[in-house]
Amino acid sequence: MEDIFSLFERPKDPLSFNAIRLSLVSPEKIRERSFGEVKKPETINYRTFKPERDGLFCAKIFGPTKDYECNCGKYKRMKHRGIVCEKCGVEVIPSKVRRERLGHIDLACPVAHIWFLKSLPSRIATLLDMTLKEVERVLYFEAYLVLDAGDTPLFRGQLLTEDKYAETMEEYAGQFVATMGAEAIRDFLLSIDIEELSTVLRKEMSEAASEAKRKKVAKRLKVVEAFKFSGNRPEWLILETIPVLPPELRPLVPLDGGRFATSDLNDLYRRVINRNNRLKRLMELRAPEVIIRNEKRMLQEAVDALFDNGRRGRAITGPNKRPLKSLSDMLKGKGGRFRQNLLGKRVDYSGRSVIVVGPELKLHQCGLPKKMALELFKPFIYNKLEERGFCTTIKSAKKMVEKEKSEVWDVLEEVIKEHPVMLNRAPTLHRLGIQAFEPVLIEGKAIQLHPLVCTAFNADFDGDQMAVHLPLSIESQIETRVLMMSTNNILSPAHGKPIIVPSQDMILGLYYMTRERAFARGEGKILSSRDELRMAYDAGEIDLQAKIKVRMSPALGEPETLVETTTGRVLLRDVVPEVIPFDYINVVMAKKHVANLIDVCFRLAGNKETVLLADKLKDTGYRFSTMAGISICLDDMVIPESKDVLMKAAVEEVTEIQKQYTEGLITDGERYNKVIDIWAKCTEDIAQTMLDTLSKDEIVSPEGEAVKVPSFNSIHMMADSGARGSAQQIRQLAGMRGLMAKPSGEIIETPITANFREGLTVLQYFISTHGARKGLADTALKTANSGYLTRRLVDVAQDAIITEQDCDSLDGIVMTALTEGGEVIERLGDRILGRTALEDVLDPVTGEVLVEANQQIDETLVEKIENAGIEKVKIRSVLTCQSQRGICATCYGRDLARGHLVNLGEAVGVIAAQSIGEPGTQLTMRTFHIGGTASRRAEQTSLEARFDGFVKYLNLNSVLDAEGFHVVMNRNAEIAVVDETGRERERYGVVYGARLRINPDAPVQAGSLLAEWDPYTMPILTEIAGTVRFGDILEGVSMEEQVDEVTGLSRKVVIESKGADKRPRITLKDSEGKTAKLPNGAPARYMLPVGAIIVASEDETVSGGAILAKIPRETTKTKDITGGLPRVAELFEARKPKEYAIISEIDGVVSFGKDSKGKRKVHVTPEVGSPKEYLIPKGKHISVHEGDHIKAGEALMDGSSNPHDILRVLGEKELAKYLVDEVQEVYRLQGVKINDKHIEVIVRQMLRRVRIKEPGNTRFLADDQVERWEFECENRKVVGEGGAPAVGEPLMLGITKASLSTESFISAASFQETTKVLTQAAIEGKIDYLRGLKENVIMGRLIPAGTGISKYRSAHLLIEEPEEIEEPVPEDLEDETAGADSAQAASEESVAEGKD
């Protein structure tokens, strides 16, 4: 028996490898690995279909076409294994070797490898210190290359044209060597001594006079060093032999009708072989040089096309005019090897079908159609049928299953028991797009899905399809159950709040049952217990919504008291675990309350209870929403009576504004802005009154008087409960549709005054179509953009894995509450929840330690911190984590989806990327629901106090204007309101030019006006009184009178002047006609930027605080994540904004210098040290004033910040803070929650590298970009040897750049620019240590995350032997249980890890 098995080849063990190296291959190596030379272009014989000898499919070279059978048929079958047939020369072995045996073609003349020639920067050209053009001229036989100049005036490496060569030849025949073509280049490369060249170049670099020269040398040195370290030889860049791909990988398949389908590679190889053979023949015939040269050029082109078709010249096309797919094209792009076959594979044991709702399922179940289950579980069924003795062979089992006998169904029931399946809905934007369920067999052909998981899948039942996958091995089943079961994914990994929350009908039902109805039956009754209440309700004595009192315990362990509540809420109490206080249920349950209830349940009662609660809430919700019988009818849309009044008022206001404009008091831009504001406000007011009308009903009480009570209007209940619809949409149904946007994004100033109930006129309908169509078009575009952003994020963060428990970092970041305009947007507690404290957090009053250093901040600690009134907390952060590779658990903090400290091996980078990318797509798909109505907040024009107290001015300079108000004269001024004890209650920034309504230290009441300003223009104010004189304000040169077409009035606008010397300005003269002095001694001159509208007129006398000119701000466009998505991409790509503000690098005092070349000079003078000078382009408004004290990092002009400047001036933490805040701003605008730490992970990946400024004694070169840990390692090594360390500066790379410059070339090549990455890797002889996730997936290994982390891979189990030996276990069972044990142990270990 043993002997039989020896005949069959055992499958070779997949080679265990832990790194992969890419390098150039020498011609000898190619020949050594080849199994023979391909000499003929023939493929197969068209009659016999057998491969031609020495052709592209030759059986002698590549192996037999049929298993164990030679080509001529002399030897057949296994018994002749390993014999080489003497007749046809074919070895008798399995035919699968045709997938792995290489052939080769010996070229008659060398050719250059196109990758190293044309992939920029050209490596061959760099190495030879020539330009690419020059190298190409030599290669394509247009010029001679001097290899040895001898005693001639030529020099080595010079190019000679034909004529010049002939001339020189006449004069110095035989004294010099010059050739052309790839031979010339190869000989030149052969003569290079890499070691020597490296030394020479390093010397040249240190002596380089100019920066340009140094850069050029450095570029060349980089390539030389790569050769030096990798052991590659430069002449290998020129090919003398080319390998031929195994034939099975470039198949030739007969189609019916005698035609063949073939891989393009065969055509390309055939071309090479034909030209090569022709060249050989011509050389034998001693053909004229011209013909041979032409043939060599053609051979070069053929080889180029084989490696990378279309890279040089026109692409070679096939018979159907389509470019042939070369070897490079096989790797590149979405359809290439990397992305199509290695990163995304199709798998067996899977099926897909339409989904329908399964409301009676439990949360961990899904309904699987019997037909699908039968097909998916086939092998398991065969196994069980045999085990049960229903049949004896697999074949008979197969028959039984095909006939669908009754036993088969019984077995199927048993097989699927507790065998989880995975459901997936495309697009899978985050990890909750694939979850595991236990299947329940159902009739029909559609998969049933539990309604509560729809949010996570973003699924609905309008025809969506889902795929089912079956985990086979016991380990995969355990992982599926422990990690992916829907019941283990209650919290969202993006923000840590529950994602399994009832929605729509369920919410409506819960809302309906917890509402109060005035004067309902049984109101005011007092019941002795919950049981009595239930009896009374069942008997119909009390209504569901009656207000009653019940004696019950308000929370676990508290004594019973009378609680005022309603019937429905007490019924709901029975559903909710007793641990949860009744206060959480004793409210009207809208969507946010239900979400909060599930969150609290998870924290107090644990996972299992939460799952049960979710299911109970689902059932209760459906039951009561059915009983409520809520529907929609036309009369539910109540149009408020005051609509006409409000509309009239708005029309009057608009007419008034129009009149002001006609009289020339305001500009057209201001008029437009004000009109838009009036209508926006009018729409808001109508919406408000409509909502008030909807939310209150007037009913007659038993006493006979009319009372207003909360309404049971269906539409109002749907929106109020958060089940469906929003105030926005109701506004359009019953209020007014409001302002619409044009496709360009501007707002049309005539609003749609009608609503849908009244119906739209033709014009109104036409205006509406813009928005609706734009919504749909945007959606299509943005989905693609968002997907691409996610892909780049995943790629940059894929190797951010939790690798150690604690890196012992002593650094962290300071967290404060996030405020905007004095309003707290995000509380400090929300921002530090689940993070680790860096140092002890002390109570500011008692000094008691609230949180110890390195302790995780959970909900209870957050409460303590907030109650103590602490303003800022230092926490550990991913940004300051000191782990060399990956991130440590302590710096990362809580795993948001599990609610405890993150486990080792968690792939936090991918989770971060998904959390940021997923809402991007969500949001982009959500624009059109409101139907394109322009949502635009009326601009803030004033500040009101929120608390009573006293006003304090902080850092505020002001002057009194003609009306006696203080006018703010500086930027970053602030007003604070403090209470009697002097504690600050609120603080607001006030803009330059704001008029303050309250004097310092004056008392204010909440709601009183503090300051007001014009939001649409930025004023240029005078600080002192004086007479206005214009300077360089010449009509038609630097200023033009723009006549308004409508009003006929003109205004003076500053324009860009042609001459560089014109500087439009306003000067103030004193009574003696001299230039007045400002309080700080500077002359009173005000420069006017381009676009400013001059308000003052020449020789006018003005008082302090008067407006001299106004700079109009952009008219507002609607905010929408379109602005958002590109903004997020721009931030993560670290792009410089188009018009970025120049920022000061030091603290100091501002002064202005002389102008130069149309730029203005701003000097910043520090208290100690030398002043810095900045040049600001003319026509830009400078936002600082002479004598201002400014801090490092403050902008000197208008514009957005350039992140690279922030990094340079303020350092990494400030940069990270800026990026996190800016990204969050975009998402917050859309109401999307993302935890800061996800953005921090991405920012950490962007800041991984350092740019070398001074190389010291290290192996780095100046301007090299190296990984930070590599930089630190090398420095430690050099300092240890007593050398000088390198000096570097932190570098921020955008996510695309960062992905391409990762250590792993496999990961980079599969991302973008495949050829470029592989070219570079080959020259450097790069080694990929397979540390990230992507490279391991591509190489077909387990990923080094989760249970695949090395710590678990190398773990061994010690099983204690029991004392007495019981009955022996049958062998096969033993294996299975052992496997289960080890997997179970591994998963338990990972769970245990998290707990301690």
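Glycine is treated like the rest: Cβ placed from N, Cα and C.
The range from 1037-1072, 1253-1288, 1361-1396 that Swiss-Prot describes as region 'Disordered' is residues 1361-1396. If you measure from the Cα atom of Cys85 (Zn(2+) 1 binding site) to that of Cys881 (Zn(2+) 2 binding site), you get 66 Å. Cβ environment of Asp460 (Mg(2+) binding site): Cys454 lie under 8 Å away, each six or more residues apart in the same chain.
Listed binding-site residues: Cys85, Cys88; maximum Cβ neighbour count within 10 Å falls on Cys85. Reduced to three states, the DSSP call for Cys891 (Zn(2+) 2 binding site) is helix. Comparing Asp464 (Mg(2+) binding site) with Cys807 (Zn(2+) 2 binding site), their Cα atoms are 46 Å apart once rounded. Among the binding-site residues listed here, namely Asp462, Cys807, Cys888, Cys891, Asp462 has its C-alpha nearest to that of Cys72 (Zn(2+) 1 binding site). Non-local contacts of Cys881 (Zn(2+) 2 binding site) by the CB criterion (under 8 A, 6+ apart in sequence, same chain) comprise Cys807, Ser809, Ile887, Cys888, Cys891, Tyr892, Arg1244. Surrounding the centroid of the Cβ atoms of Asp460, Asp462, Asp464, where the record places Mg(2+), the chain contributes additional residues within 8 Å, namely Ile355, Ala459, Phe461, Gly463. For the binding-site residues Cys70, Cys72, Cys807, Cys891, the greatest number of Cβ atoms within 10 Å around a candidate Cβ is found at Cys891. Here Cys88 (Zn(2+) 1 binding site) is positioned 64 angstrom away from Asp462 (Mg(2+) binding site), judged by their C-alpha atoms. The sparsest Cβ neighbourhood within 10 Å, among the listed binding-site residues (Asp462, Asp464), is found at Asp462.
All protein chains shown were included, and the count of other CB atoms within 10 Å of the CB of Cys888 (Zn(2+) 2 binding site) stands at 22.
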